[in-house]
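Per Swiss-Prot, disulfide bond is recorded for C120-C273. For N61, N131, N310, N329, the entry in Swiss-Prot reads N-linked glycosylation site. The topological domain 'Cytoplasmic' annotation in Swiss-Prot covers 1-8. Sequence annotations record features per position, and here Swiss-Prot assigns topological domain 'Lumenal' to 27-333. If you look up Swiss-Prot, you'll see 9-26 marked as transmembrane segment.
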Amino acid sequence: MTSKSHWKLLALALVLVVVMVWYSISREDRYIEFFYFPISEKKEPCFQGEAERQASKIFGNRSREQPIFLQLKDYFWVKTPSTYELPFGTKGSEDLLLRVLAITSYSIPESIKSLECRRCVVVGNGHRLRNSSLGGVINKYDVVIRLNNAPVAGYEGDVGSKTTIRLFYPESAHFDPKIENNPDTLLVLVAFKAMDFHWIETILSDKKRVRKGFWKQPPLIWDVNPKQVRILNPFFMEIAADKLLSLPIQQPRKIKQKPTTGLLAITLALHLCDLVHIAGFGYPDASNKKQTIHYYEQITLKSMAGSGHNVSQEAIAIKRMLEMGAVKNLTYF
């Protein structure tokens, strides 16, 4: 082989390497997911009470006594005093809450209660779900928990089509419950303020709608079955803030730091399930101003400014839970 031919081959090899590196970076989500986190075809063994044991290490044993959803009897028959105001308690919102609990439900469906071992996945809204092809894997879990207005229709290949529980608050309720949920999906309200109770009451009772008191106008028409609506116990917001983020529970009114719905959903799953996996969690590096943060819309980290969420601190909390084995990740983190 001549020296000239040798250099041509080297140049061709170099071009191929550059193309491969460029392609892997341009398809970062799929590349990392495939290369570092292969999904086993076999179900991971599920051990009853395992998530609860892990949760007690983080949150303490007191959390075991708490109901997942708020119940009418605790506010109607027995006046349960709450130490904190929303979103960490119900102090000052009891009258509104009573009216909401009278028209909603609190039970955990028999299809979940009867499971010998509850295998759950919390599906985040992160960009890294795009092109992940995890839809089939996600659909195999007993309980699939989704967040806010994250769409399913059109993204089934990456995020699945099954939705057991969807956490939301009024400003994030801009989704069609008939299209993005299943008929038996539980719609779980995360209340941040008293007006959130007022909004859900007007929607479910078809009363005069409220338009003020929200940072974004919530839906005025929302076609849902009241018996599919639940009110999340704010205790879980409290322990997520306290035990995972070390946030002060009593904060000045102008400084309202709080966990994201995603971190709250993981906290909920650790108390409801026996095995907890997560997918689609994590944000781009703070220096990356152009990377979109969701799999379904073109918004960047800039949109998080003023949200009251500390995503860097949450990343540390999730990494801690991953390292101790409390949760496992289906996507890279």
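The first residue you see is number 1, and the count goes up from there.
Cβ from N, Cα, C; glycine included.
Annotated features taken from Swiss-Prot, shown on the structure.
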{"residue": "N61", "record": "N-linked glycosylation site", "DSSP class": "helix"}
{"residue": "C120", "record": "disulfide bond", "DSSP class": "strand"}
{"residue": "N131", "record": "N-linked glycosylation site", "DSSP class": "coil"}
{"residue": "C273", "record": "disulfide bond", "DSSP class": "coil"}
{"residue": "N310", "record": "N-linked glycosylation site", "DSSP class": "coil"}
{"residue": "N329", "record": "N-linked glycosylation site", "DSSP class": "strand"}
Rounded Cα separation (Å) that holds between N310 (N-linked glycosylation site) and C273 (disulfide bond): 26
Count of other CB atoms lying within 10 Å of the CB belonging to N131 (N-linked glycosylation site): 17
N329 (N-linked glycosylation site) versus N131 (N-linked glycosylation site) - Cα distance in angstrom: 16
Number of other Cβ atoms within 10 Å of the Cβ of C120 (disulfide bond) across all protein chains: 28
Which same-chain residues, if any, lie at least 6 apart from C273 (disulfide bond) yet have Cβ under 8 Å of it: A51, R118, R119, C120, V143
Residue among the glycosylation sites N61, N310 whose Cβ has the most other Cβ atoms within 10 Å: N310
Protein Cβ atoms within 10 Å of N329 (N-linked glycosylation site), excluding its own: 17
Average model confidence [pLDDT] within the topological domain 'Lumenal' (27-333): 89
